[in-house]
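One structure is given here, and the rest of the page talks about it.
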Amino acid sequence: MSLAAASMRAPRRTARYLATLARANTAGRPHARWQTRAVNTQPAYEGHIPLNWFEHGFLTLGSAFMALVNPRRADMVAALGDLTSGPVLPRLRDRMLESPEGRQILKERPRINTHTVDMNKLALLPEGTFGNAYVTWLERCGVTPDTREPVHYVDDPELAYVMQRYRECHDFYHCILGMPVNVVAELAVKFFEFANLGIPMTGMAAAFGHLPLTHAKREKLFRDYVPWAVKCGSSAQSLITVYWEKRWEQNIDEMKRELGIWSPPVEPRWPKPLSEAKLAAEKRAKMMENQQQVSS
């Protein structure tokens, strides 16, 4: 999920600062062999930040604390996801390798942002298609796919891509589940993701993210959404294997049936009415049509 403007303005260098602080704590003590680096310090891919075990533990605790104090800190949530996903990512990659779509994803390594996905073309797709539903969801929630944090702390390049893929597909999960952008909806999606993918960060969010909620919101979460999210997530196809970009023209109801997904029992609260979001998507489509006519 893309988290409003506050998340977009989050200081992305904080995670690097924590890692630097951890290194400072081990510097100047060469006599302690257990504090020396046990990893290759050369980055394995663009943006990779290698860590030794002490830096890894220090940054894990720091990012967990910051993410709990302020869940809107997308950089801290992303860092926590990187640092705690180690045991799970090989299993997710194996799931992808067992699936034709998953193998194609790993081979092509597509990225999801406004530079790689033509939102105007998606807006031209018929209503009821996944592509049109996705654009409408973006309009309805007022978010963009361009706020995904890059992976920094997963050492293996292929596993780093698996983590990046999960992160960039998170909004697709919201869309197909029919969940908006708010704290209750995000926690419901985290319960779904933990049941479906087993990523530790999603389990931590599910376990502790509800603590700051009011009693009424917490009760609503566990009464209306958690049972559905856990049951749906555990029985649905592993969503990490879905090549969403190849399914823009597929009927979204048909896709949900194929993947074993059903809508939540209670309609969540949305920041914008569906009619208003559809109108915005239609305006986008008309602008695209006009541009095509002018160019032709």
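Heads up, the Cβ atoms here are built off N, Cα and C, so glycines get one too.
Per TrEMBL, these features apply:
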type	residues	note
BINDING	H170, D171, H174, E186	Zn(2+) binding site
**Item:** Among H170, H174 [binding-site residues], residue with fewest other Cβ within 10 Å
**Value:** H170
**Prompt:** Across all protein chains in the structure, which of the binding-site residues D171, E186 has the highest Cβ count within 10 Å?
**Reply:** D171
